[in-house]
Structure formats: structure tokens, C-alpha cells
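Let me begin by presenting the structure, written as C-alpha cells, before commenting on it.
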Amino acid sequence: MSDTAEKLDYSTTLYLPQTDFPMRAGLPQKEPETVKRWQDMGLYKKLRASAAGREKFVLHDGPPYANGNIHIGHALNKILKDVITRSFQMRGFDANYVPGWDCHGLPIEWKIEEAYRARGKNKDEVPVNEFRKECRDFAAGWIKVQSEEFKRLGIEGDFENPYTTMNFHAEARIAGELLKIARSGQLYRGSKPIMWSVVERTALAEAEVEYHDVESDMIWVKFPVKDAAPALSGVSVVIWTTTPWTIPGNRAIAFSSRVEYGLFEVESAQNDFGPQTGEKLIFARKLADEAAAKAKLTFKFVRDVKSEELAAITCAHPLASLGYDFPVPLLDGDHVTDDAGTGFVHTAPSHGREDFDAWTNSVRTLEARGIDTKIPFPVDDAGFYTEDAPGFGPSAEGGAARVMDDNGKKGDANERVIKALIAANNLFARGRLKHSYPHSWRSKKPVIFRNTPQWFVYMDKELGDGTTLRSRSLDAIDQTRFVPASGQNRLRAMIEGRPDWVLSRQRSWGVPIAVFADEQGEVLVDEAVNARILEAFEAEGADAWFAEGAKERFLGNDHDHAKWQQVMDILDVWFDSGCTHTFTLEDRPDMKWPADVYLEGSDQHRGWFHSSLLESCATRGRAPYNAVVTHGFTMDEQGRKQSKSLGNVVAPQDVMKESGADILRLWVMTTDYWEDQRLGKAIIQTNIDAYRKLRNTVRWMLGTLAHDNGEEIAYADLPELEKLVLHRLSELDKVVRDGYDAFDFKKITRALIDFANVELSAFYFDIRKDTLYCDAPSSLKRRASLSVIAKLFDCLVTWLAPMLPFTTEEAWLSRYPDAESVHLAQFPEIPAEWKNDALEAKWEKIRKVRTVVTGALEVERREKRIGSSLEAAPVVHIADSDLLAALSGQDFAEICITSAITVVGDEGPADGFRLQEVAKVVVEQKLAEGVKCARSWRITTDVGSDPQYPDVSARDAAALRELAALK
């Protein structure tokens with residue numbers, strides 16, 4: 001052995017990976033430093049400057065509520081938005097993200113009132129604008145907190161200039177939008193039964209309620225027939241209801257001409273109250289036996305009762321003796337079924353939408369019958385009966401009965417009504433029922449339906465162009481892209497079935513309904529007055545409306561101050577958020593209208609998507625968005641709703657502190673986000689494991705590229721294997737771009753992770769490690785591989801950058817220390833020549849044979865006949881001409897990572913290794929012949945052929961000589 005060989009440490013002659021990019025990520029420590037670096041370097045402004053003049057892409061941010069720390073739903077939502085905007089920015093668009101906040105409304109009022117109570121302060125004694133200032137300050141504080149939390153998630157946007165609904169300009173624009181609606185005749189004051197929160201003392205929209213199971217009283221009530229054909233004289237119609245307190249509001253009974261009804265006679269009675277033997281009652285035939293059982297009666301069927309007979313009936317109110325001395329007609333209603341109850345529906349137009357519709361749709365018929373069609377106001381805003389409920393109102397013995405108290409608990413109304421029905425001998429039966437009932441989503445307390453004067457927007461009024469707000473909205477839905485597609489039908493069904501839009505709320509913290517109205521509800525339309533209002537709001541905010549002397553200031557001297565009343569209700573906060581497109585998309589020069597995308601949770605079909613659609617269609621005739629993307633809710637690992645009581649809440653702050661924001665982001669990217677997702681410790685660990693593999697792939701590339709001198713090898717000079725990798729990059733480029741366009745991030749992450757793990761780490765990198773580590777500096781194969789790995793790195797890191805902004809930034813700066821940020825880069829443009837389907841088809845065959853060889857090697861390893869695949873020199877028997885042809889000219893030993901390999905075109909031995917799915921390939925195992933190379937560890941017969949380096953192969957000896965010459 002020569003002196004050179006004796007002294008040489010071969011490990012120093014290898015091109016082993018070298019990088020400062022650590023295997024251990026340390027994301028919780030590094031990510032905050034990266035956020036600070038981005039802020040210090042002004043990354044957001046650099047992104048805007050780099051995108052100047054490009055086509056705009058706008059994802060309009062649905063505003064979270066400025067109240068409390070962010071939760072996992074916020075994190076999911078913001079990460080999805082961030083990935084979308086980043087992906088468009090890196091594909092040649094100007095994708096500006098402007099975060100926003102919803103600032104008005106009841107939850108903030110509650111917090112301020114809570115603080116008042118703690119200090120013994122009475123809210124009613126506080127000047128309204130002082131109260132509003134405290135609400136404003138509260139919201140501003142939480143905007144600051146949430147901004148920092150969003151930035152910690154890696155969200156990039158204009159946090160220095162967000163939009164807020166309490167900004168003076170925003171308040172002026174919101175008021176201006178209302179005035180547009182008023183000017184077009186779409187705004188009106190009316191009375192309708194609406195959902196009312198007694199606890200919060202305000203009207204609620206459908207979007208502000210959630211449904212919970214409750215147990216309620218249910219009663220069956222007799223309505224004595226007062227006027228009918230002689231054959232039905234002396235009988236009673238029986239209704240069923242789960243809201244006994246609404247009986248004072250009853251004005252009609254609904255039946256259906258599609259239901260079969262019958263007259264029944266009581267044969268026996270075993271009850272303490274209710275019908276007695278001989279009484280005659282009308283029921284839906286299908287439900288009579290069930291009703292009889294509830295009342296402990298036996299019935300005898302007398303005869304059928306036709307719908308024509310029912311339509312001619314007028315009943316007495318069951319509480320007529322208390323002052324309800326008016327006729328109760330029977331009305332044919334489409335909403336009536338014989339699925340439950342009695343087949344008759346108690347109709348209280350003050351307390352239900354269907355009841356209201358049934359009553360108002362029959363006004364002409366009722367008036368022709370001499371029936372008063374005025375709708376009463378039986379319940380006040382505190383849940384007490386009014387004088388419109390004789391026997392239960394303020395003048396009743398014991399005072400006014402109450403439906404619900406200030407804490408959302410059931411009052412005494414049900415029991416007092418039931419006792420009165422028993423006293424009148426008109427209670428048929430009573431019981432308890434568990435059913436779904438609306439609750440306020442804020443207070444979590446039940447709501448009631450009550451008739452109140454409110455401000456509405458017409459859904460079905462003709463708007464002068466042959467359209468209505470409903471028809472415009474439905475047309476707009478048809479022109480909108482929905483992801484998932486099911487969202488279209490969901491929103492369509494809501495618009496088709498919704499009532500007129502209730503805009504008014506009886507609270508203080510919000511944008512006022514800044515109009516003047518007379519006693520009849522007629523709205524003053526005067527452009528000079530409107531201009532004064534909007535000018536004041538722009539300068540002072542909506543507080544100007546509540547300031548002393550506001551009425552005189554805005555009306556001026558042109559109008560009778562006694563005639564015109566200043567409306568002091570505020571707007572539904574959904575109207576606020578429904579107007580964000582005006583003062584964000586239209587008014588900001590860095591945005592555009594309409595937005596390309598609105599993205600929110602699936603509950604926003606009845607919330608922000610809904611209100612934005614209505615507002616924009618009312619004022620502009622189309623939706624403010626081109627596409628609507630929805631995500632589901634985050635459950636725990638068992639699929640249960642996350643709640644503090646279950647102890648299963650996953651806070652994003654905790655995940656970031658323990659694992660890092662990129663882990664949370666990877667979880668979002670790997671879920672079917674449009675459905676409900678699951679999250680917990682095991683799922684987080686799964687994502688940590690996937691992240692580590694991905695990180696190690698990037699780390700290996702960085703280490704290998706430490707030896708890259710930037711040389712780019714011409715495509716024509718590349719070996720087939722490198723061309724195959726570039727073909728796969730070409731295919732992945734389409735998957736990535738199509739995936740980002742379709743908002744299908746799971747498809748992208750699955751494709752990239754599989755590519756990194758299966759095609760790179762377990763195939764291409766494995767095959768090329770020997771070349772990359774051991775070949776001579778001048779080796780074309782080594783240089784070609786480095787050239788391709790450089791392209792792999794650029795593609796993978798930029799493709800992943802929208803999803804994993806922290807990790808990709810770290811990797812990019814490790815590779816390009818002089819670069820500012822990966823996020824200022826663009827996705828690489830892929831040359832058309834990279835796509836090579838014929839080459840892929842050929843290599844599919846090669847890989848098929850390789851699968852059999854690696855399977856055979858695994859058996860040899862398991863049986864401990866070899867330790868490494870380099871100890872093997874298998875014989876591969878192939879009885880398939882296509883497979884054989886594919887291997888022609890290939891260094892198949894290199895591809896299989898063996899020291900040698902022999903390919904034979906025959907059937908092979910019967911006892912050889914084979915796989916069922918590749919039946920015509922048989923592997924016969926043999927050990928490699930020769931000596932193990934001290935440098936590459938391959939076993940070859942030419943070790944010792946070079947006297948200068950007698951313990952290495954000829955290839956390695958040549959490489960060593962070349963390396964020595966370079967020193």
C-alpha cells in the first residue's frame with residue numbers, strides 16, 4: 001500500500017452534505033424572530049412594491065369580532081386566507097390582503113355593562129356617546145391583541161391599515177348605503193313577528209340564533225265552533241302547541257285541504273279536566289287516537305269532515321270570557337301537515353312567521369267576512385304581556401304575566417294561560433315535549449317570537465327594472481362559483497325562503513338607522529339632509545347622530561321638526577359587515593370590486609355571505625364576490641365539538657408555543673377543510689412526523705447543494721434519470737397551480753409530501769447518493785444531478801412557501817444568504833421541454849422491475865444473508881420483451897443500489913423471488929464478487945487496479961486523482 005493511501009482519510013474526499021439548516025426545527029423559538037425580521041424589513045411593503053402594475057387578486061377578509069383572543073376557528077380561517085393570497089402573489093398577481101374587524105354590537109356592549117355593574121354604575125345614567133367611546137376603546141384594544149396573534153400565525157397583510165366597521169369613514173359609508181336603500185324605496189317600517197332576545201332586549205336575525213334541545217309545555221286546546229253548518233254546531237276544533245303563552249295572540253286556526261279530517265265523539269273520559277262524554281271534536285283522522293290517549297279518552301268516529309266545511313267555520317277564542325271576544329276563522333294553509341299534533345295549527349300572527357304569512361295572505365278574505373285584521377302586540381320587550389293580552393296584562397289580577405325573565409328563565413305566562421284554559425273548560429290535554437328551540441348565539445338563552453315595530457328591507461318589492469331583491473340575489477348566486485359546490489344550493493335555499501330583512505336593533509353601539517320618519521313610517525328623502533349626515537359621520541363618526549342637537553343640525557330649517565322623528569335604532573351588525581365591500585374594495589386604491597373570493601366558515605351562508613349578497617344586490621344589482629369558499633368547524637379527535645366543559649379545546653396559542661405555527665398550518669393544509677375537521681394531540685403529532693420528513697428532505701438538498709457551483713447543465717445533456725425528475729416537476733407544477741386555483745390544498749400537500757418521500761428520498765436521492773458523494777468533480781452525471789437538485793429545491797420551497805412560510809424562509813435564506821425573502825420570489829416557470837410522457841412510461845417499466853429487485857433484497861436482509869444492498873449482485877430474469885427493452889442501456893445496478901446486477905431474458909428459476917403483480921420478473925440472489933471499496937463501499941472486481949489507491953475502485957481512484965489535482 002502506498003504512503004498516499006495509508007495517510008488518506010477517504011471521508012474528507014467525499015462530497016457529503018454540509019448545511020447549517022438544522023434537523024431540529026425549533027419553530028417555537030425561531031418563528032417569532034422571523035415575524036420580527038419581516039416587520040423590520042417591511043416585507044408587506046416590499047410585496048406591494050414588487051407587485052405594482054400586476055393584475056389584482058383580492059380575497060376580501062370576513063371580519064372577526066373584536067372581542068377576545070383568537071381560537072382555533074380563527075386560526076384555520078386566517079391560515080386558509082393567507083395561503084390563498086400568498087399563492088396568488090407568487091404566481092404573478094398583486095394579491096393584497098387587508099385584514100378587517102367587526103366592531104359594533106351586543107357582545108361589546110355586554111362587556112362594558114358588565115364592567116359598569118362591577119363598579120356599581122348604572123348604564124342608563126351614562127351619556128350615550130360616553131358609553132359608545134368605551135365600546136370603541138374596548139374594540140380597539142382587542143384589535144391590537146388579535147393583530148399580534150394573527151401575525152404570529154404567519155399571516156401577511158396590511159395590519160398597519162386594516163379596515164374596521166367603527167372607522168369614521170366606514171360608519172359614513174354604512175350610513176350612506178342605508179340611505180341608498182331608503183332612497184330606492186326598499187326600506188320600510190312595519191311590524192312583524194321577529195326573534196326577540198328578552199335577555200338582550202333586542203331583535204335578532206336568523207344568523208344570530210342557534211338551536212338547542214329544550215323541554216317545553218305542550219297543550220291541546222279546544223276552540224268551540226261559533227258559526228258553521230248545523231251539522232257541526234256544538235263541536236270544537238282542537239289545536240296543539242308547544243308555546244301555551246302564545247294563545248292570547250291567537251287569531252285563527254290553519255288546516256290543510258290535503259289532510260283527511262273527521263268528527264269524533266267522546267265515549268268515555270278518565271281525566272281531571274277537559275272533554276267529557278258526549279262532546280264532539282274535529283281532528284285529523286290520522287292523529288285522533290294519539291290525541292285521545294293523551295287526554296285519557298275513548299273516541300267514536302262519527303263522520304268525515306270536508307275541507308269546504310272547515311273553511312266555512314268560525315270558532316270562538318278559548319279565552320273569550322277574559323276579553324277575547326272576536327271570531328277565530330279557519331284558514332287553509334300549505335304549512336299544515338298531519339305528522340304531529342291534531343292536524344290544526346294554532347295561528348298567532350304576532351308570534352310566528354308562518355302564522356303572520358297565513359294571516360296577511362288572507363286579509364282580503366277576512367275583511368270580506370267582517371273580521372278585524374289588525375295584528376296585536378301581546379308581549380313587550382321585557383317579555384311581559386301588554387294590555388293586548390286581556391287577563392294577563394298589567395291590569396290583570398297579580399299584574400302582568402311574564403313569558404321569560406331577564407336571565408332567560410321561563411316566566412309564569414305558560415302556567416297562567418293553562419290555568420285560564422282549564423277554568424274556561426277549553427284545555428283538552430297537556431304534556432311535556434323535548435324539541436329544538438332557537439337561542440341567542442351570544443347569551444345562549446332562548447328567544448321568543450314577538451310582533452314589534454322594526455325597520456325592514458323588502459325582499460319582494462319590484463325595484464323598477466323588473467327585479468326584486470330576492471330575484472337579484474338568486475341570479476347573483478347562479479353567477480358565483482362555490483367551493484364546495486354544495487354551498488350554492490345552501491345559500492339559494494336560504495334566500496328563497498327568507499323573510500324581509502330586519503335591519504333595526506334597539507341598542508346603542510352601532511351605526512344608527514340615520515333617517516327621519518313621520519308617524520306613518522314614511523322616510524324623509526332629502527339629499528341636503530343626507531349630505532349633512534354623511535359629512536358629519538365622515539368627520540366625527542356615527543356619534544354625531546347621538547350628540548345633543550343632532551335633529552336640529554341635520555334637518556336644518558327646511559323641515560317641520562315636530563313632524564319628523566329621528567330614528568334612534570341602530571343597524572343590525574350584519575348590515576355593517578355586509579357593507580365592508582364598499583369601504584374596503586371600492587374605496588381603497590390597492591383593492592378592487594368585486595372581490596375574487598370570500599372565504600369563511602359554513603355558518604356564514606346565513607351570515608356574512610348572506611348579508612353581503614343582499615346589501616350589494618340592493619345597491620349594485622350583483623354580488624360583491626366572484627367566488628365563495630367555505631370551511632367547516634374544528635372538532636376534537638373524537639369528532640366532538642370543542643368546549644371548555646369537555647376540556648378538549650385546542651388553543652392555537654398552545655400549539656404554536658409547543659410545536660410552531662408551521663405545524664398548525666400543515667394541519668390545515670392536510671385536512672378536508674370544507675368539512676368539519678378534527679384536531680388533538682395525536683393529530684398534531686402526525687403532522688409533526690410528516691413535517692420532519694419534509695424538513696429532512698429539504699435539509700438533505702441544502703447539504704448536497706453546498707457543493708453546487710451554480711452550473712446549469714443543458715437539458716439535452718442530462719441523463720435519463722434527471723430528465724425523468726424534471727418531467728415529474730413539470731407534472732407537479734400543474735398539480736400545484738391547479739390545486740391553488742381550486743383551493744384544494746390537501747391535493748397539493750399530499751402530492752408534494754409523496755413526491756418528497758417516495759420519489760425523491762426513497763428513489764432519486766437514494767440512487768444518486770453514490771454519484772453525488774463519490775464521483776469526480778468533472779463527472780457529468782454528478783454535475784447534472786446537482787443542477788436538477790437546485791431546480792428541485794427552488795420548485796419545492798417556493799411551492800411550499802404559501803403553506804409553510806417560516807420553514808421555507810429559513811431554507812431559502814440558508815441557500816441564498818443574500819436574498820431578502822422567499823416570499824418575494826415567484827413560482828419557477830417550467831420549460832415545456834421538461835414534459836416527457838414517453839420517458840415516464842419507459843421508467844414506469846424500469847421501476848416495476850426495480851420493485852421486484854428491492855423486494856428480493858429486503859428478504860435477503862431480513863434473513864441476514866446480506867447487511868447492505870451493496871453486498872448483492874442479483875440475476876434478474878425477465879420474460880417480458882417490453883420490460884427487457886426498457887432496461888437496455890441502463891446501469892441497472894446503480895438504479896437498484898447493488899454492486900452488480902445481471903439481466904437475463906428468460907423465465908428464471910422456479911424458486912426465484914417474484915411478485916404477483918410483476919409475474920414475468922424473477923430475481924435470483926447472488927453475492928457480489930470482488931473487494932469492498934474503502935471509499936464508496938461498493939464491492940467490485942477492480943479494487944486494487946490502481947497502484948496509487950489500491951483499496952478503492954478504479955472510479956474512486958480517478959476521482960481522488962482529480963480532487964488532488966484541484967488542491
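Just so it is clear, glycine is given a Cβ too, placed from its N, Cα and C backbone atoms.
The feature motif ''HIGH' region' is assigned by Swiss-Prot to 64-74. Panel annotation: around the motif ''HIGH' region' (64-74), residues 101-103, 105, 107-108, 111, 138-140, 142-143, 145-146, 149-150, 164, 601, 633-634, 642, 649-653, 679 of the same chain, lying at least six beyond its termini, place a Cβ under 8 Å from a Cβ of the stretch.
In three-state terms derived from DSSP, Glu600 (L-isoleucyl-5'-AMP binding site) belongs to an extended strand segment. Cβ neighbour count for Glu600 (L-isoleucyl-5'-AMP binding site): 22 (other Cβ atoms within 10 Å of its Cβ, all protein chains included). Marked as L-isoleucyl-5'-AMP binding site by Swiss-Prot on the basis of sequence analysis: Glu600.
Mean pLDDT, taken over the motif ''KMSKS' region' (641-645), works out to 80 on the 0 to 100 scale. Sequence annotations record features per position, and here Swiss-Prot assigns motif ''KMSKS' region' to 641-645.
The annotation ATP binding site is assigned in Swiss-Prot to Lys644. Lys644 (ATP binding site) falls within neither a helix nor a strand when secondary structure is assigned with DSSP, and so counts as coil.
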**Q.** Integer Å distance between the CA atoms belonging to Glu600 (L-isoleucyl-5'-AMP binding site) and Lys644 (ATP binding site)
**A.** 24
Q: Helix, strand, coil: count each for the residues of the motif ''HIGH' region' (64-74), based on DSSP.
A: 3 helix, 1 strand, 7 coil
Q: Measure the Cβ-based neighbour count of Lys644 (ATP binding site), defined as the other Cβ atoms within 10 Å of its Cβ.
A: 7
